[in-house]
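Scroll down for the structure; my scribbles are underneath it.
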């Protein structure tokens, strides 16, 4: 699923800065974008303020803040993990839950609940510059929270098992995960937007 605001690029950009300090996220986005996009993706680690609100609101605010530093085309990413049994918590605050509890703790949050379904949401916010429109691209993957399996080197991947699969994200190869992930869906929506502006 992708949500995009209206608007067109006045000119094709040569470079887009992905604001992240996570080399793995940058590698994943670069791999998913592929070689055909009309820009070079670079990364920059910027210490942005911690924000509250719904995921779209947070993403737009982060993008606007990042644009003040970058002074050019910029994209930011926010990821939510929503547990149905907990009224969509931890949602956009999953980073803090994960830092305190780890994947095992996330699983234990749902121990008392029969419904262990979860929705993973990746939201990308892009703008050409500080005073330009912000575009939103979103991808969603449905899954269940399980006792962690696989390497513990990438967030909550060990405890998230996509619907229809017997492996957690952490147990999959990078190619297998990228083929179905919420990040892939959001990045492809952004890629399609840029490719459509070439013609």
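Backbone N, Cα and C atoms are what each Cβ position is placed from, and that goes for glycine too.
TrEMBL annotations:
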BINDING   20-25, 62, 78-79, 154-157, 177, 182-183  ITP binding site
BINDING   50, 78  Mg(2+) binding site
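In the shown protein chains, 25 other C-beta atoms lie within 10 A of the C-beta of residue 182 (ITP binding site). Counted within 10 Å of its Cβ, the other Cβ atoms near residue 22 (ITP binding site) come to 14, all protein chains included. Counting other Cβ atoms within 10 Å of each Cβ, the lowest count among the binding-site residues 24, 62 belongs to 24. According to its DSSP assignment, residue 20 (ITP binding site) is coil. All protein chains considered, the CB of residue 78 (Mg(2+) binding site) has 23 other CB atoms within 10 Å. Of all the binding-site residues listed here (50, 157), the one with the fewest other CB atoms within 10 A of its own CB is 50. For the recorded site, residue 79 (ITP binding site), the DSSP three-state label reads strand.
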